[in-house]
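**Q** Residues or ranges marked as ATP binding site in Swiss-Prot (evidence: sequence analysis): GLY8, ASP9, VAL10, GLY11, GLY12, THR13.
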Amino acid sequence: MTTYALVGDVGGTNARLALCAVATGEILQAKTYSGLEYESLEDVIKQYLSEHQAKVTDACIAIACPITGDWVAMTNHTWAFSIAAMQQNLGLDHLEVINDFTAVSMAIPVLPAQDVLQFGGTQPQPGKPVAVYGAGTGLGVAHLVNVDRRWISLAGEGGHVDFAPNSEEEDQILAVLRQELGHVSAERVLSGPGLVNLYRAIVISDARLPEKLAPKDITARALADSCTDCRRALSLFCVIMGRFGGNLALNLSTFGGVYIAGGIVPRFMEFFKASGFRAAFEDKGRFKDFLQDIPVYMITHPQPGLLGAGAYLRQKLGYELSS
């Protein structure tokens, strides 16, 4: 068995590659490449291996799209490939290609304590189910269960479940967005574009015309307290994040914890801490007491996708992760 394996975390814009120490899971020599500068993912990998003069026989690549078979076609990029053909072309003995949130979920058992921030609840119960979700360009969701001392990630497209309002204000948001979009999924409000949808719906429901704002503009105005509509949108975003996380916790009784990943929330961490997130997480009527002890964590590790891809591969190779 080789000392190092190749791991990757590939999104619509960038491809992050690194080496993973197989024995320890340590991530080394990480580098980010622009996906726009290469014709294929295989070309990026060859470039990385050439630059680092690395010989590897095992690899795990996490990609932001559903993985349903040998043929992988990225949702937000032109790259498409056969897993078997790529494995052969790269001379690998073993190539795993997994969903990006499968990778993030697999990082949970190996996350250092200093790489998470807790938002309420008590201590996680070892070996109990875990939920992980995150808002970025879209809304990613996964669950994690421990079976016979092995962690199994339950991948899915949970971000596309129905948006379920639970207040008059949220009812108004749904009415506006339904008129525009037809089906309104959770991702339509819990993502970068979703924050824009919330802002627009708030303004339209008041019979006014919204400005053309980007997510960063809405966040900046909310934090500066210079726009009431933007502040309402960001506050509502935090509340709906809580409601959605509570739903995930109920699905599998996730006493192992609920983890938040993704690029949006860390940009307004102090606002998030003071928001209605935790109250909304527990706002489940007769099951409020059930949720009070379930801890919620924000992942602050800079590269959870790479860490999780390494953990996924190491477990496949026979290593036992923390329970």
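The backbone N, Cα and C atoms fix where each Cβ goes, and this holds for glycine too.
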**Q** I'd like to know which of the binding-site residues GLY8, GLY11, GLY12 has the most other Cβ atoms within 10 Å of its Cβ.
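**A** By the 10 Å Cβ neighbour count, GLY8 comes out on top.
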**Q** 10 Å Cβ neighbour count around VAL10 (ATP binding site)?
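**A** Its Cβ shell of radius 10 Å holds 27 other Cβ atoms.
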**Q** To see if you understand the setup: which same-chain residues, six or more apart in sequence, place their Cβ under 8 Å from that of ASP9 (ATP binding site)?
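**A** In sequence order, the residues whose Cβ lies under 8 Å from that of ASP9 (ATP binding site) (at least 6 apart) are ALA15, ARG16, ILE61, ALA62, ASP100, ALA103, GLN303, GLY305, LEU306, ALA309.
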**Q** If you take the centroid of the Cβ atoms of GLY8, ASP9, VAL10, GLY11, GLY12, THR13, the listed ATP site, which other residues of that chain have their Cβ within 8 Å of it?
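**A** Sorted by sequence, the hits are ASN14, ALA15, ARG16, GLY35, ILE63, ALA64, ASP100.
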**Q** Which state, by DSSP, holds ASP9 (ATP binding site): helix, strand or coil?
**A** strand
**Q** So if I draw a 10 Å sphere around the Cβ of THR13 (ATP binding site), how many other Cβ atoms end up inside it?
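**A** I count 13 other Cβ atoms within 10 Å of it.
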